[in-house]
Amino acid sequence: MWTDQATIIFKRCILATQLSSCFTSYVLGWDEKSGKAFPASPRHHRAYKILTLVMTLVIQPILWLRCYHLARELNRDLTHACIAYVAAALFAGALPFLWYFLGKERPQEFIASYESVFNGNKFMEELAPTKQQPNLTATNLADRFAKCLTYLIPIGIMSLVIFYSEHNPFYAFLRDVTNFESVIFKVSLWTLTAILSFIATSVAFLANAIGLFGVANGIIVLYLWSLRVNELLVDTGFDVLIKIHKNLRVMCIIQEGLARDFISPCLHHPILVGESTVALYFLLKQFMKGGKVSMLVSAVAVSVIGAGFVNETFAIRYVAEASSAGKIFKREMMKKYGMDKYKRRVLRAMLPNCINLEFISSVDTIKNGIGMDYFIRYVERVVSHTMKKFNYNTYEIVISRMGYRLTSSGEIQTGNFPYVWDIPYYF
């Protein structure tokens, strides 16, 4: 099932981290013979700690100062602002993942968490072996995706750093602060910031990817087995089904603990709402009056919005569908075994399996799991916050060029209204 694809992606994530740091600062290695991960040597771990401290104490404050400086400019460049805000948000979201691996025992704990999901999946496959043949197409696609993750991400980041160096917020801030006119100094500053930006951005991005994969791996296993266990109701015994359910329950507890240690997955909603709002704002700002369309801004904004949508899909949609499948499983089990007193008591004590990526769980969440209303809130808040940036609220449409305003009650008002939207004919 998912085990082969997960191993390929996990391996490629580790190799990509080593490649991006030029094989100097990383926390995980991969043993080709055993096919397992292992903690990196103390020398590489020490270099990783130094890089993380530089990113925390130097790069992140500079990014925030650059964002503050751009926010106060009246005629700010849209491309500079978009890159600075997105970079600051990326590092802010990646820092908790980087901090997690600072501890000496943390890499081994992460490996143990991954292997617990791997072994739990194998245990359930032994309890209820599938008759289907391994999906070679899915495995090949996973391998290609993992290879892209290994090589294209570092190459893409390197291309951005080299060909769009003027938009590098780290370089732009230091250039404005120093204000030297010497060509030698500018070339030296550009080279230093390009190398540091490439390594720091790649390591931050891939640390984020490894951490999110560690959490997403458990979500995928939970989702697949929550659907499959309903298919096993026909010809599988009560004891086997209960063992599978309890095994999934233990896996959910371990994954929730890992997510809380990472911190960022439990703050996925505010982080992704903030990032997606900023990206959508800059994407729409290009098409407003006086705006200038930039392919770089459009590509970055669409990538951030797409990544946020995918992350929220994993964090909410698949967990919600697994919870719904768990409710169906319990209901069908009650129909089938509810006449037996002991089995009925066991089933009544069961709760739906759910990986709750929130710091605080409500009673309803514990009892019923996560629902799709969480995903609707994400979309609603991104759109609402973006429209507020344009003074365009949900209940009012302002079309300045036409001289009309359509209110929520359906009344049409005339007058000189503030300019908001540059596409009046869509209304």
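Note: Cβ is positioned from N, Cα and C throughout, glycine not excepted.
Listed in TrEMBL for this protein:
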- 50-71: transmembrane segment (TRANSMEM)
- 83-102: transmembrane segment (TRANSMEM)
- 145-163: transmembrane segment (TRANSMEM)
- 183-200: transmembrane segment (TRANSMEM)
- 205-225: transmembrane segment (TRANSMEM)
- 296-320: transmembrane segment (TRANSMEM)
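Residues of the same chain lying 6 or more positions beyond the ends of the transmembrane segment (50-71) and with a Cβ under 8 Å from any Cβ of it are 21, 25, 80-81, 84-85, 87-88, 91-92, 95, 98-99, 101-102, 169-170, 172-174, 176, 196, 199-200, 203-204. Listed as Cβ neighbours of the transmembrane segment (296-320) (distance under 8 Å, sequence separation of 6 or more from its ends, same chain) are residues 78-79, 82-83, 86, 89, 164, 167, 212, 216, 219-220, 222-223, 265, 268-269, 272, 275-276, 278-280, 282-283, 286, 354-357, 369-372, 374-375, 378, 382. Among residues of the same chain six or more beyond the transmembrane segment (83-102), those with a C-beta under 8 A of the stretch's C-beta atoms are 27, 48-49, 52, 55-56, 59-60, 63-64, 66-67, 70, 110, 164, 167-169, 172, 200-201, 203-205, 207-208, 210-211, 261-264, 271, 274-275, 278-279, 282, 296, 300, 304.
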